[in-house]
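Take a look at the structure below.
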């Protein structure tokens, strides 16, 4: 299982969470990555944790102001990027462009989608993985694997029907090791987390709990 | 073959083009539809021609201002709708919502896309058809079937791999009967046209030329 | 006072509301206009009521698909248009372009904004009027003139400071004649209404009540 | 004069340009700032140069993925931010929100606009400065102060009519000290530059030339 911790725009200390994640990954052997805001990428990657970007734009180096260039986030230490998070939905043509831009810069890609039909669509663009996150469960504390297990299984089937090489992650409400095991049982090979770790009093303890059953 | 004439925002007489299309369809037996701007849907549908919308928004009836509601375009006489035209690209999640909205209102759907990867993605959303239109050829007079035949074949393959029930149309630069035959030979079951008919001095003659070889 | 009834995407009968508005305007001498969806513009204008568009795009006639062209809504009978409604916010550069497009087509313009600072900004673009509508009051039934009278007075002052030729309208929660008088007392020369008329069992009675005190 | 160097998404070495700018500012006493991409803010600010962000989003700390939070760019060392650059146009309501977000985080603000009407609109939102940059001159090497001096004077007048406290900058095609003097003579108190410095073989020499006449 791949555990990807999205720090969103939370007022947390990104370096503290990143350090906790780096240590939890080392001690458990579980792959754990942290996705801070662009301006924190360098500070986070210096902790040694696997670092991801929250977004990249479908642009090439050149006359672009205010955009997130794939090459630049790679240069700042990112190994991969989310695209099309439910808090940052993009046009289909731009999603294609962002996945191509990420590939160009050597970044892994996880495209978010909110139902199995969109998971199938995203898989057709050839990212490394697609993450299904029902928007109505994000931030609720109710894990998608429990509230709506069918959506995870349907997403796994939808992606497999389009391109078996595309992994399926799931997200929304995941915070315990039990949720992780449930997600894995449904066919997911990774999970997206956010507040459960980023807003925890003790991020390291939250991560240890999470990966304990693996 | 299905011939769909997009009137765009051309300063043409939509009723004159619609009447020409209705007559050409009647005389040839070829399915021909006309897609005017929303404010012209009713006038165009009153000519008896098959009428399509250029876009519908992913919204339900209610508190929405300035949007194109699927039920309303159906009420004004539309039988189908384009979505995601290269001049009106939409977010993946909204594209899904627009296809669902069109289905809800009983409209056929053609989703536009500009390369085979996006055709596959669009097909995963379950529209009636996907149209591949390389943006760089739109309005050039050089038919896609001649300038880039591979893109049409690859689009047909991409859609078939995702959902064999989804038809593939092609567009960009198509203006002659020969282009139509070439498109059909490449596996397309419909074509999108615009300036070749809408801006023709004699739209009826342009349509007759177009469907003559069928 | 100018009473502008926005039909939004409500599942109402636009022709019935338009007829009621035309009759109420004739009998009362109050200026009343109706803004239907684009596909209903022609049917509404045929009732003889003053007809407005809910939106126009910042485009010229030509290769534009799915857009609302100012010339086309004028051709379908519109005398004016809303732009930047809180349900259809646009970019500053496009707002400028839409006001210019409306002028080009001979349409009056009312630009919506949700606070006095944005009212001042909108006034700088030179529309005929700016409408202040606090989004949190839309559809509540609590009139802005009662819930937040300061915002109307501040909007009147903000517009006057930038361009005294720009009228100020207000909207959100207005449904009675008393609300209209209150809006006028605060300096507004027009009001935007929607559900209070469009969803009324008897739109004519709702309009008569509204304009009775004028 | 304030010289703001926008590094856009150029494949330049941001730290080298920043160091050159820091030294040129120290030696000349002219205020010079550098605006890198978000992921380079920290590295650039560590050079000691005044650092600006290319954009901030109209959001608060919290559940926002992929956005540029004002507090975060301030934390990474930014003293100010551009908003609404012609390569990143935003909605009027979001522009208001971004200026408010920047104020909240203690960032100075320069709002870009492409003509005097939009300069007036931007000034009404109360930023520290507005920059007029005719899009058709960006990257041409023809300075706006020479190609279209009226637009700068009209922008200065438009801003002054709305709020005399708002400074006016100009940009597009500026690369020499002569251009800077001309801009100042037209009433501008700052300039935006990009390729003239960022893509120069010797950024330090380019900056020294630029500020020599001041």
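A Cβ is built for glycine as well, from the same backbone N, Cα and C atoms used for every other residue.
Just so you know, TrEMBL annotations never went through curation; they're auto-generated.
These come from TrEMBL:
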- B:85: active site, electrophile (ACT_SITE)
- B:133: active site, proton acceptor (ACT_SITE)
- B:6, B:7, B:8, B:138, B:173, B:194, B:195: substrate binding site (BINDING)
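Recorded features from TrEMBL, shown on the structure.
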{"residue": "B:6", "record": "substrate binding site", "contacts (Cβ under 8 Å, 6+ apart)": "B:35, B:54, B:82, B:85, B:192, B:193, B:194, B:198"}
{"residue": "B:7", "record": "substrate binding site", "contacts (Cβ under 8 Å, 6+ apart)": "B:14, B:17, B:34, B:35, B:36, B:37, B:40, B:194, B:198"}
{"residue": "B:8", "record": "substrate binding site", "contacts (Cβ under 8 Å, 6+ apart)": "B:54, B:87, B:194, B:195, B:198"}
{"residue": "B:133", "record": "active site, proton acceptor", "contacts (Cβ under 8 Å, 6+ apart)": "B:85, B:86, B:112, B:113, B:114, B:144, B:170, B:171, B:172, B:192"}
{"residue": "B:138", "record": "substrate binding site", "contacts (Cβ under 8 Å, 6+ apart)": "B:86, B:171, B:172, B:173, B:194"}
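Largest Cα-Cα distance over the residues recorded as binding substrate, namely B:6, B:7, B:8, B:138, B:173, B:194, B:195, equals 15 Å. The Cβ neighbour count for the residue listed as 'active site, electrophile', using a 10 Å radius over every protein chain in view, is 27. With a threshold of 8 Å between Cβ atoms, the recorded positions B:7, B:85, B:133, B:173 that neighbour chain C are B:85. The secondary structure of residue B:6 (substrate binding site), as reduced to three states from DSSP, is extended strand.
The binding-site residues considered are B:173, B:194, B:195; of these, B:195 has the fewest other C-beta atoms within 10 angstroms of its C-beta.
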